[in-house]
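Here is the structure we will look at.
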Amino acid sequence: MKLSNKGYRFKDIAWRDLLLIPIIYIVLLIFSMVGFGILNTHYTHPDKLMQSMMATVAQVMSYIIAILSFYLMHIKSFPKRFSNGINYVKKHWIFLIFMLLIALGASSLYEWLMQFLPKSLQYSETQNELALNQLFKTPLFLPIAFLLIVIVAPIVEELVFRHILIGELGKKFNFIFMGIISAVTFTLLHVSGAKSPFEFGAYFILAIILVVSYLKAKRNLAASMTIHILNNLISFIWTLFIIY
C-alpha cells in the first residue's frame with residue numbers, strides 16, 4: 001500500500017475532476033428550482049412527502065449528470081479504468097466482503113452502545129436515515145429511491161470523497177492526511193441535521209472503512225465503491241423489510 005506522495009507535482013493532479021463538485025451543486029440547484037416550481041404550480045400547499053420526492057428526483061438527475069461528466073472527462077481512459085476496477089473486485093472480493101462485515105459489525109456494536117447514553121443523547125435512527133425513510137412511503141417511488149441510495153449516490157460520493165480528495169489532492173497534500181479529511185467531510189455531509197452529536201460516529205465508522213479500503217487498494221476506486229454500494233444495498237433491503 002503506497003501512501004507516499006513523493007514524486008508528484010501540482011500538474012499531476014487532474015484539476016478538471018474538481019469541476020464535478022460545482023457541477024453537482026449547480027445542476028442540483030437548477031433541477032430543484034424547476035422541480036419545485038412545477039410542484040408549486042400544481043399544488044398550493046405540497047406536503048413534505050411531495051417535496052421530499054421532488055428533491056430526490058433533482059438529486060438523482062444531478063448525480064447522473066455528474067457521473068456522465070466524469071465519463072466524458074476520461075472517455076479515452078475510462079474503458080481501462082473500468083476494466084481495472086472489475087479485475088480488482090474479482091481478485092480481491094474476499095477482502096472487500098471482509099471490510100464490509102467489519103463496517104456492519106462495528107456499526108451494530110456502536111448502535112448497541114448508544115443505549116447506555118443519557119436519554120437526551122440517544123437516537124434510534126440518524127436524521128439522515130429518517131429523511132431517507134420518507135422515500136419508502138410510496139411503493140411506486142421505490143425504483144427512484146433505489147437508484148439514488150444504492151447506485152448513483154455511492155458512485156458520486158466515492159468520486160468526490162475518495163477519488164478527488166484522496167486520489168488527486170492527496171498527490172500533493174499527503175494521502176493519509178487527505179484520507180482523514182475525506183472521512184470527516186463525508187461524515188459531516190451525512191449528519192448535517194443531526195440532533196445527537198453521537199450520530200457522527202455512525203457514519204464515521206463507514207467512512208474510515210471506505211478510506212482504508214481505498215488506500216489498501218492503491219487508490220483503486222472500485223474497492224471503496226463496491227463496499228459502499230453493498231452497504232447501501234443491505235440498508236435498502238433492511239428498510240424495506242422493516243417498513244413493509
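Cβ atoms are placed via backbone N, Cα and C, with glycine included.
TrEMBL entries are annotated by machine, without manual review.
If you look up TrEMBL, you'll see 20-39, 51-72, 93-113, 140-161, 173-192, 198-215, 222-243 marked as transmembrane segment. Among the features that TrEMBL reports, domain 'CAAX prenyl protease 2/Lysostaphin resistance protein A-like' is placed at 142-234.
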I need to check the long-range neighbours of the transmembrane segment (140-161): which residues 6 or more away from its ends have a CB within less than 8 Å of a CB in the stretch?
17, 20-21, 24, 53, 56-57, 59-60, 63-64, 66-67, 70, 132, 182, 185-186, 189, 207, 210, 214, 221, 224-225, 228-229, 232-233, 235-236, 240
Using a Cβ distance cut-off of under 8 Å, indicate which of 20-39, 51-72, 93-113, 222-243 has the most pairs with the transmembrane segment (198-215).
93-113
Please check if the transmembrane segment (222-243) comes into contact with the transmembrane segment (51-72), where contact means 3 or more CB pairs closer than 8 Å and the residues in each pair are separated by 6 or more positions.
no
How does the domain 'CAAX prenyl protease 2/Lysostaphin resistance protein A-like' (142-234) divide up by DSSP, counting helix, then strand, then coil residues?
79 helix, 0 strand, 14 coil
